[in-house]
Amino acid sequence: MAALRIQSDWSRALSRDEGEAWLSCRCPGKPTLYGSVTRRGLSSEGIPDIAASEGFLVQEVTKKSILISCPHENVSTKFLAPYTTFSRIHQKSITCLDISSGGGLGVSTSTDGTMKIWQAANGEIRRLLEGHVYDVNCCRFFPSGLVVLSGGMDAQLKIWSAEDASCVVTFKGHKGGILDTAIVDRGRNVLSCSRDGTARLWDCGKSACLGVIADCGSPVNGIAVGTADDSLNLGTPENPPSEREIGTEGKILLLAREDKKLQGVGLQSRQPVFLFVGSDAFNCCTFLSSTYILAGTQDGNIYQLDVRNTNAPIQVIHRSGAPVLSLLPYQDGFIASQGDGTCFILQQDLDYVLDLTEADCDPMYKVASWEKEIYTCCRDGIVRRYQLSDL
């Protein structure tokens, strides 16, 4: 898959009367094509007049976006600048973030050792969540938007009130740092995965571990839970499930493993459903539907698989060799972020790739969305907010 890139500060470069930004078009196995776009002034509507060098075409320009094509490789990309940026939430790299179901609040974790809740509209800090020892690796809102789930290097899983910042539950049982979490249905049960190679199911009401869903013998970097296709055999539990298990029937758990394996496990049965071997360590995974899943690797591959037959991927998307750090379903496609600062959206109804810009070469760790707003967090410590309504 060819990847068309524009230098990240294009919106600043082209804000000057005669600004210039560099372009490149990379297609695997072929020499990279280089070029530039230059601003020649403003139209009567206040839109920049932008031209591209030989080999590239500027097809559409707005105040926040620019659509560029490379006819030689038959690829088009629309580059979207952030609607706003929040630089004062954390002092160092932001490793994870999420947006509440109503779109009003954000939560984020940082290598500065803090986890904070903030106003999604303006980045104003509302709460500081203190209680983990060492770094907090992951955070997410419960469906209610009033409660937060977090996991840290201290091997603890915690539940917080977003209203008063109190820690209401702490789960202990993992032997290594927690790397990702998932919530089952409305949240009476939650899941976690760890460097210790296990994925565990927890009962929020009793603050107890309901069981080890999988023990992989290798760190589990990411998990996702979804409703399985009816035709899929999820296996039968060896023992009757606990009455404290709520919503686990008919669910499949995906495990993105460090040992280059993507595994599917019946959540209630604890039985393996499939095992797919990729090109490198799997960092993240997600469901597109009850049938189709995505998983991203350390060497830049995004695998799309059909859970009913994982012998061969439906497709492998490769835009660069940078690690795929997060995947998020979005409308009829998905959003992916990578370690080279790229964050792009692929959608079935678009004949171009949508590229969210300005992270430069800093890893884009996580993406969250609410309706037509997308939020990203990055090693540079900035939360960027994009509005697809700008398109």
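Placed from the backbone N, Cα and C atoms, the Cβ positions cover glycine too.
In TrEMBL, annotation is done automatically, which means it is predicted and not curated.
Taken as a whole, the repeat 'WD' (87-128) shows an average pLDDT of 95 in this prediction. Annotation comment: TrEMBL describes 87-128 (among others) as repeat 'WD'.
According to TrEMBL, the repeat 'WD' annotation covers 129-170 (among others).
Long-range contacts of the repeat 'WD' (171-203) within the same chain, counting only residues at least 6 positions beyond its ends with a Cβ under 8 Å from a Cβ of the stretch, are 134-135, 137-138, 140, 142-144, 147, 149-159, 209-225, 242, 244-248, 251, 253, 255-256, 265, 267, 284. The repeat 'WD' feature in TrEMBL is assigned to 171-203 (among others).
Long-range Cβ contacts of the repeat 'WD' (87-128) within its own chain (Cβ-Cβ under 8 Å, at least 6 residues beyond either end) map to 134-141, 143-145, 148, 150, 162, 164-165, 365-366, 368-371, 373, 375-383, 385.
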